[in-house]
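Features reported for this protein in Swiss-Prot:
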BINDING   78-91, 285-297  NAD(+) binding site
BINDING   ARG99, ARG109, ARG138, ASP227  substrate binding site
BINDING   ASP227, ASP251, ASP255  Mg(2+) binding site
SITE      TYR145  site 'Important for catalysis'
SITE      LYS195  site 'Important for catalysis'
Amino acid sequence: MKKNYRIAVLSGDGIGPEVMQEACKILNVLKKYFFLSLEIQKFNIGGIAIEREGVALPKTTLLGCENSDSILLGSVGGKKWDNLPVEQRPERAALLPLRKHFNLFSNLRPAKLYPELKCLSPLRSDIVKNGFDILCVRELTGGIYFGEPKGFVNKNNTKYAFDTEIYHEYEIIRIAHLAFKLARSRKKKVCSIDKSNVLQSSILWREVVESVSKKYPDVHLSHLYIDNAAMQIIKDPNQFDVLLCSNLFGDIISDECATITGSIGMLPSASFNEKNFGLYEPAGGSAPDIEGKNIANPIAQILSLSMLVRYGMNLNQIADKIDKAVNNVLKKGYRTSDISHDNNFLKTDEMGDLIVDSLINGE
């Protein structure tokens with residue numbers, strides 16, 4: 001880690017400021033008790049930036065992010081900006097340009113079900129009795145979402161539309177290397193998801209992944225067609241470690257994995273470029289319906305910070321301690337409203353304080 005690590009904090013909209021406040025408590029612990037030299041700078045993004053600075057992604061925010069080592073993001077968007085043209089809404093005008101500006105080609109979505117929370121999963125109890133821990137590694141800049149040509153045609157009283165799935169070899173190589181490197185620090189298993197029995201792009205995908213795998217003989221590689229993968233995740237999620245996916249398939253599979261954990265309020269995510277610059281954010285949205293009620297689950301934001309510490313700072317032991325602090329609080333039965341089956345639940349700040357105490361005291 002650098003002597004002085006700079007983090008751009010973008011709280012954003014909805015519950016973003018509330019959950020970010022709890023993550024900032026963890027940052028303060030890292031400075032005071034773990035003696036990390038951290039420089040925290042806060043900037044506007046999303047709807048709040050529109051209100052304060054006139055645009056969803058102000059130049060000051062972009063410059064601040066450029067001068068940082070990592071970005072910690074809350075959430076953007078909400079119903080109050082739905083009256084704006086689509087291209088000016090916070091989600092479109094802030095997140096997409098931010099990801100594009102930093103060439104974030106990969107997205108990591110952990111989907112972990114703690115045994116203590118297995119009752120939340122929609123899957124049968126015998127399937128999730130031991131929990132599961134899956135990491136979805138999704139290619140973020142190629143594939144059918146960005147392939148050209150694409151279009152919508154209304155001609156001779158007939159309508160048709162078309163999209164193009166394109167993958168370049170280098171795009172597959174770099175995402176495959178990332179997946180295998182991540183697997184080395186986990187259970188050393190990569191399952192690559194494709195549709196190579198139908199799609200030419202998937203034939204290349206499988207061919208390239210196989211080639212890259214030879215450089216990681218200690219990691220076991222398997223392949224599944226996307227339809228079978230969707231079934232297997234429901235049937236036995238614990239069989240998986242790292243899932244390597246194209247843009248489209250990763251979009252679908254990561255949401256499926258998130259759903260079977262029972263609460264998206266528990267799930268962090270990270271996106272990287274080739275220089276390992278990262279954007280870390282909760283997998284969920286801005287949840288404007290519970291904004292200001294102090295009932296949002298801050299765990300996804302705190303675990304996003306843990307990912308920043310692990311992958312951005314390369315401080316695995318400290319990240320492990322943050323993860324353990326969250327786990328310890330859950331083991332003791334503490335819950336926020338989204339993961340509680342009764343009215344006996346903690347407020348956002350109370351959950352944050354308990355995790356802070358657990359991190360400081362190691363219990």
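The backbone N, Cα and C atoms fix where each Cβ goes, and this holds for glycine too.
Because the structure is a prediction, the values reported are computed rather than measured.
Annotated features taken from Swiss-Prot, shown on the structure.
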| residue | record | DSSP (3 states) |
| --- | --- | --- |
| GLY78 | NAD(+) binding site | coil |
| VAL86 | NAD(+) binding site | helix |
| ARG99 | substrate binding site | helix |
| ARG109 | substrate binding site | strand |
| ARG138 | substrate binding site | strand |
| LYS195 | site 'Important for catalysis' | coil |
| ASP227 | substrate binding site | helix |
| ASP255 | Mg(2+) binding site | helix |
| ILE295 | NAD(+) binding site | coil |
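Taking Cα separation as the measure, ARG109 (substrate binding site) is nearest to ASP251 of the recorded positions ASP82, LYS195, ASP251, GLU291. Comparing CA positions across the binding-site residues GLY78, PRO90, GLU291, ILE295, the one lying closest to ARG138 (substrate binding site) turns out to be PRO90. Those same-chain residues not listed among ASP227, ASP251, ASP255 yet with C-beta within 8 angstroms of the centroid of the Mg(2+) site C-beta atoms are ILE226, ALA230, LEU248, PHE249, GLY250, ILE252, ILE253, SER254, GLU256. Cα separation, GLY78 (NAD(+) binding site) to ARG99 (substrate binding site), rounded: 20 Å. Within the same chain, residues at least six positions away from ARG99 (substrate binding site) with a Cβ under 8 Å of its Cβ are LEU140, SER271, LEU279. When the binding-site residues ASP227, ASP251, ASP255 are screened for a C-alpha within 10 angstroms of the C-alpha of PRO90 (NAD(+) binding site), no residue qualifies. Annotation for VAL86 (NAD(+) binding site): spatial neighbours ARG92, criterion Cβ-Cβ under 8 Å with sequence separation of six or more.
The two recorded residues, ASP255 (Mg(2+) binding site) and ASP227 (substrate binding site), show a Cα separation of 14 Å. Around the Cβ of GLY78 (NAD(+) binding site), the number of neighbouring Cβ atoms within 10 Å comes to 24.
Cβ crowding, taken as the number of other Cβ atoms within 10 Å, peaks at ALA287 among the binding-site residues ALA287, ILE295.
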